[in-house]
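According to TrEMBL, the domain 'Lactate/malate dehydrogenase N-terminal' annotation covers 19-165. Annotation comment: TrEMBL describes ASP55, ASN118, VAL142, GLY143, ASN144 as NAD(+) binding site. According to TrEMBL, the feature substrate binding site maps to ARG105, ARG111, ASN144, ARG175. Summarising the annotation, TrEMBL assigns domain 'Lactate/malate dehydrogenase C-terminal' to 169-343. Look at TrEMBL and you will find HIS200 tagged as active site, proton acceptor.
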Amino acid sequence: RKTALNALYGLMQSADPIRVLVTGAAGQIAYSLLYSIAKGDVFGKDQPIILVLLDIPPMLPVLDGVVMELQDCALPLLREVIPTDKVEVGFKDLDAAILVGSMPRKEGMERKDLLKANVAIFKAQGAALEKYAKKTVRVLVVGNPANTNCLIASKSAPSIPKENFSCLTRLDHNRARSQVAMRCGVPADAVKNVIIWGNHSSTQYPDVHHAMVNVHGKEVEAYSAVKDDSWLKGDFISTVQLRGAAVIKARKLSSAMSAAKAICDHMRDWWFGTLDGEFMSMGVYAGGNSYGIPEDLIYSFPVHIKNKSWNIHDGLPVNDFSRAKMDATAAELVEERDTALSFLSQ
């Protein structure tokens, strides 16, 4: 056993560390996220990590506390922690960027005001990625409105491939998976191939027409396993769509533990790939999709991933019920995009 441990330690020593940025690093999602990244749950148990933590200047004292705690975890993979409020430090030579920080919606704030503030943030962060990060960087946008923020960041980093940008809809995917699992009385991993289509907003469409549930060792279609079509077409959809608001109402804080878990799932699948016969939901660039979704959007699709590259899972039949919901969320995204682009050009 000692020999095996020594061999593993030697391997860890020999692998070059990757640089991983988390923005909004003093916030509560990051607080739930950083430990999982630093201990190897995301990028692998033999991958050393340099964690770069970016936040706004008023949050730097809090960030110092987070750094102390990461140090106090005594994690063998964590080679260095760099707290900063400077983009030239934060975005330098990145392998992965997890953009959690954004302007939250304040009371009385119009949606377009929120968009305007976030366009400025993600334009600047896209430009910083363009200037300082590796061209192979993988970027996950979490801060809302995530799809449109992701599109703006991508447009502001023209030399980084569009395929390297994604936004988080894995939390919605996990919510949908869990709702079906609870309804069927099976563990969450017995449910596969749920889909979140569209925007990470209340217009998203959680779709289980192609989902499978393992019941007593046999895979059955979700509709057959649940045996309640009216729930699947009604309360199930609205529960997933409005789950974030329900958590805020109960906790007086937004989802952090579940959001952090979803970020880990998303990045781990992007790094290591999806299982054969399974697809996951990711907000990705819609160019070339086969589902009739407008091209110049970041839209959540079912994807499978291999060698750190995603492909939209093509060829799924779409019924009229699904078509209407897929188009409605696309229409919201087109409107968001057009509003955001009008701010971008100002």
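Cβ from N, Cα, C; glycine included.
TrEMBL annotations: computationally assigned, not manually curated.
Looking at GLY143 (NAD(+) binding site) and ARG175 (substrate binding site), their Cα atoms lie 18 Å from each other. For the domain 'Lactate/malate dehydrogenase N-terminal' (19-165), the model gives a mean pLDDT of 96.
Taking all protein chains in view, 23 other C-beta atoms sit within 10 angstroms of the C-beta of ASP55 (NAD(+) binding site).
The closest partner of VAL142 (NAD(+) binding site) among the recorded positions, by CA position, is HIS200; the full candidate set was ARG105, ARG111, ARG175, HIS200. The Cβ of ARG175 (substrate binding site) has PRO206, THR239, VAL240, ARG243, SER258 as same-chain neighbours under 8 Å, each 6 or more residues away in sequence. The maximum pairwise C-alpha distance among ARG105, ARG111, ASN144, ARG175, the residues recorded as binding substrate, is 25 Å. Considering other CB atoms within 10 Å as the measure, the emptiest surroundings among the binding-site residues ASN118, ASN144 are those of ASN144. Note: the CA-CA distance between ARG111 (substrate binding site) and ASP55 (NAD(+) binding site) rounds to 23 Å. Other Cβ atoms within 10 Å of the Cβ of HIS200 (active site, proton acceptor) number 29 in total over all chains. Within 10 Å of the residue listed as 'active site, proton acceptor', judged by CA to CA distance, lies none of the binding-site residues ASP55, ARG105, ASN118. Under DSSP, residues within the domain 'Lactate/malate dehydrogenase N-terminal' (19-165) fall into helix, strand and coil as 66 helix, 27 strand, 54 coil.
Within 10 Å of the Cβ of VAL142 (NAD(+) binding site) there are 28 other Cβ atoms, across all protein chains. Rounded to the nearest whole angstrom, the C-alpha distance between ASP55 (NAD(+) binding site) and ARG105 (substrate binding site) is 18.
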